[in-house]
Amino acid sequence: MSSIALGVNIDHIATLRNARNTEYPDLVEIANIAVNNGADFITVHLREDRRHIRDSDVFRLKDNLNVPLNLEIAAIDEMLAIAIAVQPECVCLVPEKRQELTTEGGLDVKNMFTYLMPFVTQLHNHNIKVTLFVEPDINQINYAKKLSVDNIELHTGVYCNHNTQNELNRILEAAKHCYTNKIECHAGHGLDYQSAATIARVPYISALNIGHFLICEAVLHGIGTSIYKMKKVITNPL
């Protein structure tokens with residue numbers, strides 16, 4: 001199988017920084033440590049409430065990274081304008097609720113189709129690739145295909161929480177459907193070493209996005225060591 005890419009989400013480095021409103025830990029420094037230890041791209045989620053990542057973080061990361069920046073945003077005009085100004089390599093459109101602790105599920109592309117269309121078009125007009133974060137659902141992927149998005153990121157949270165064969169089968173079928181429809185397939189949410197190794201074995205998934213678990217592991221083992229181990233786990237799954 002071809003090597004799978006690792007996207008490291010550093011949102012919770014910003015959470016730690018913001019706890020005391022300090023300038024440290026520095027996100028650019030952490031991002032570059034991640035890259036030096038196997039991260040193929042860096043992911044950040046600029047939320048409407050700015051609970052972790054700030055606007056200035058996104059611009060600094062874009063200006064100081066030698067790997068692609070993957071910017072997660074809600075599909076709203078404010079975030080679209082920021083994305084166009086930043087010019088990340090890719091924007092991942094995600095659902096967002098102010099009271100949620102983290103993203104709770106995928107976009108309902110079917111019901112949001114007309115609403116999402118101008119966002120996808122404008123991002124493409126500025127040469128920014130577009131990913132949609134969706135549940136492993138064939139119907140949702142069909143509507144994403146109609147929007148001509150570049151990538152799908154499958155929500156792995158349900159699988160990670162329940163570890164059922166039925167949910168893994170949904171991911172397998174969704175990844176194959178992406179391949180059949182010529183959409184690059186990524187996956188993420190809730191992944192740890194064990195679940196990431198399983199998802200990395202799924203044919204047609206080309207990248208994983210992992211954040212919270214790696215930051216927690218970094219408290220015990222250091223950010224570089226944790227990312228190096230994860231990259232080894234997903235590129236050589238048992």
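Cβ from N, Cα, C; glycine included.
Quantities reported herein were computed from a predicted structural model and do not represent experimental measurements.
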Return the residue out of Asn9, Asn181 that Swiss-Prot annotates for the same 3-amino-2-oxopropyl phosphate site as Arg20, Gly190, Gly211, His212. Asn9
Secondary structure at Glu72 (active site, proton acceptor), reduced by DSSP to three states: strand
Expressed to the nearest Å, what is the distance separating His189 (active site, proton donor) and His45 (active site, proton acceptor) at their Cα atoms? 13
Please report the Cα separation of His212 (3-amino-2-oxopropyl phosphate binding site) and His12 (1-deoxy-D-xylulose 5-phosphate binding site) in Å, rounded to an integer. 7
One should report the C-alpha separation between His45 (active site, proton acceptor) and Glu153 (site 'Transition state stabilizer'), rounded to whole angstrom, as 14
Of these recorded positions, Asp11, Glu72, Glu153, which scores lowest on Cβ atoms within 10 Å? Asp11
Candidates Asn9, Arg20, Glu153, Gly190, Gly211 (recorded positions) with Cα within 10 Å of Arg47 (1-deoxy-D-xylulose 5-phosphate binding site): none
